[in-house]
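These notes concern the structure reproduced below.
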């Protein structure tokens, strides 16, 4: 796209280029390789320079020895600008030409600048600021511009304002405001002061000051819930009616502060009234002089306290230090402590000792669940009911249970000493001392003389095998394994061999890590034995597992290796080498060296060790491979050869298009050493890579990487990547190829056919697709892209030029989509893939190829609709016949029950296991894409739900999973309560709250997100029943939506950002129909960056590689769940298919329309001499099963009043795909890479195909349907549903068809005897004439 640049020159000298007629500030225009023009500001001076001056040859002499480029203007769409340019007569425009376009360009565009600073800062010498008109313009266009300060031509002349005071309280009215003005012209006509939308009043001009009055009470529209509101105080000229200056002004609101500290720390003049507990701008409104607070240190507040520990169920006071505590006055209530425990508020009377101390009175506290041993609880001190005392240190009370998660003596005694927990041997539990029976030797505590736990126990050892030479680090886990390292420092034996404990691996009471010594030849296996502190029976433990020594290589079961693969690699390293052998998973540590260089350990199994080579310091040579497992060395002779690094000698071609994926041939040396070669391009700081395939040692083929360019800002110019090279293991020298000039050209672009998107052609007429950049403009060589064009499903021969693609269309009739692909490596079959497949243009427009007029349409065509041919498959694009009759009769009378049963079965089976609320993945699924591959631990709970219609009736049991989110629980409860109510008539889960009615009588609202929601590393997990520790058998109720404390606190901040976004998304939790991609992207909160998750953390990309999301199970395990789910649903799928593909229809007759349509298709095939049974079969499949039934199976909500969630949709899609495969006549060759949904039903599809063929055969054997019977059937259908259709809309659709094919239809009616008797052709002509008059 041609651009020209505008320059401002102060004085100019251009040797050998021309002579300036007179000195002037001048405007210069530059085009690369084109002519220059110059003229004076007033159009008096102009000059013409040499016709081939490049911009870089211009020398401008001035204060900075350079010109100021102040604007770039796009002039013409494509092509270069021609040399000759000319000014308009008034010198206000410049005429510029390209080969195809003439453009008039204004010399200036001052109006684009909206402020004085941008206007004068632009550098455009024509522009100045017309002050009272508040616009950027030429001086001569500004009224009275010659008068002082009315026109600003320098930045320092812009108007400035200051106002005093610059803020007032919202409760102050009619305050005098004084504005100091600078550079304001004479204002004899008067001036108005405006507070944006609040009010406008007259201003009084006094010298260089303007006096304004703040809004009166009735004019103030300030929103009282805000702390402050920034307004523009504007000055408006009465002469021009325009705002010409403004400054910021703040109305602040003290009354929104509800605590002393937030009040007095406000940036505005706010005071705290201690005894009234209000914030005000007027300290005189406080009750007492001593009650006024202005400084933070004078606020009533709690001081920093040590950790406040309170055991549950123990009556205990809580004493708090404070300062400035007010003494309640007459009529005011005393102090209270408020503790919020698991969402429940507990109020406790408190005693104020003095202004610096308050005590929560003797009370006991408790919380539910044994999964939490210490629970921090919010603490608030209030007086007079709801007057909060500030808690700047955020002191919390820590409630704790000694017995929670401390099931053994060791875990008990290692608890925080401040808890004062100990082990009560009589009760065999961790408790407080006064809860243990007072008997001698019953109580163990860490500080006591008898502080050692008896009965140590070993539960697990890792590993269970190791070399005889020792050095293996054995991890021993269990209970009561000592409380200090010295307890176990010298009393550990593994299989009879001393094992030295390591202090860094010791976890008191729970874990010992020790290093094995060398075993004797006679020692083969044994137990792990430990003594804790002393070797008495009560302090000794033995493992139930055996530890085995792997014997030396020369014996029967060697620990050894057999070979390496590959046996050579580049000297720079990076080769992934697999060492094969036996018992290679023994021991705890593996060290592999290649000569003197380490091979970085990657993974190992019983038979393999995999490691990555590092660069060799010894150059090219064969080196000895050494493998050590702990202190054992494997003695087999293994070698690896370091060879010269690969080199790149030549690549061809040295170009691609922005989207990449064009084939590139690469020649070099030692290319076969590389296991996974890649090609890379870096641009704008971003890198893209693509794959290469090695052919031999000197050749490989690559797919060009895409250039990382923003699709919205792709230029039409060629681009060079900042870096271009190859990723070949660790070979650094080829990451950037300095000797290549690899170039990227713009992507090809195709135009739409026309606004309607339909191109009408006669058979055999070539199709012309217009576009641009179809052939890259490579300077050398014959550059071509490999295009494939499909008309429907048939390819055509293409001829390509830069701006159009000519396609010799196949001889087809009907409507067909046009698909264009720029395929890879000359392989057009890959056009349908979504990755690494070149560009795919789905032009979507449809080509309609019409018959010759000599071949009139059949007499039934007007009622049947337009015949379309797609490949060899004929489809009925009906106007009203089949869509009217088939859905009503076939769904309601025959397939409704099995279709609904299948939907219910899928839904129930999916809900038996966890369903991820965010991604829609489930444990039970027919679709591999929607299968949770992680191991999710869960339990089934039965909750008793209060009947919302009758609270006195028996509670309704509902099966729930403890891993369900709260919204999923609400949906399951609604399903149970309203199981016989249509979905559209049920309450929505989003409009209800779930209330947990606890045994203690407390009631708690459960939510997907509240203050207890866990956040870890920017991931926020949705709350589940397990999170709230709701036990089996709990009583719950659905109540109307409430505003919780959490919502109220967060309304001012969260609700406008993440909360509203999340609430919209969570409304579909468990059924995220709006999230139709395989794994929806989880949008982070815009303010905090926190991402939501439920069961599976979704990473940056939806399609994860195996192992990307935690510990995924191997394919064989999770595919068995697909098979199990399929087995559960098999009967329902069979019932549905058998019902659809049966002429009996379980008692109801086959709809006449189906028999009539199939006979018509057979007649058409006979007429056109089509005797291939596969073609006839395909026509019928496209008309009925694939056109109608597939849609019904995938979308049962079209027929039933139900809600279809994401996982159910995925399963129905698998069933629909199986249905489609059953209707196909082609062979389905399956392999290991076939989609799992095709493999799942591979054995069933042959049976289903037999059903389809039998169904079509049975219909063919039925008696033919006469036209009279068909007309009577259609009339009956119309009568039955006469109030359910828009007749005028149907007539409009029919007439649009008639208008398009009027000649053919009229010709067909003329030749038909029956139509002639009824004069249908004449009547139709009258209709067409009447409609043309009306239009």
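Quick reminder: no glycine exception, Cβ is built from N, Cα and C everywhere.
As annotated by TrEMBL, domain 'PSI' applies to 109-159, 253-300, 401-454. Under the heading domain 'IPT/TIG', TrEMBL lists 455-549, 558-643, 645-745, 747-843.
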| task | Using DSSP, tally how many residues of the domain 'PSI' (401-454) sit in helix, strand and coil. | result | 11 helix, 10 strand, 33 coil
| note | Per DSSP, the domain 'IPT/TIG' (558-643) contains 0 helix, 56 strand, 30 coil
| said: Summarise the domain 'PSI' (253-300) as counts of helix, strand and coil residues per DSSP. | reply: 17 helix, 8 strand, 23 coil
| message | Let's see if you can do this one: DSSP helix, strand and coil counts over the domain 'IPT/TIG' (455-549), in that order. | response | 9 helix, 52 strand, 34 coil
| query | Do you know the DSSP helix, strand and coil residue counts for the domain 'PSI' (109-159)? | reply | 15 helix, 8 strand, 28 coil
| task | Kindly report the helix/strand/coil residue split of the domain 'IPT/TIG' (645-745) according to DSSP, in that order. | result | 9 helix, 47 strand, 45 coil
| query | Mean pLDDT, the domain 'PSI' (401-454)? | reply | 84
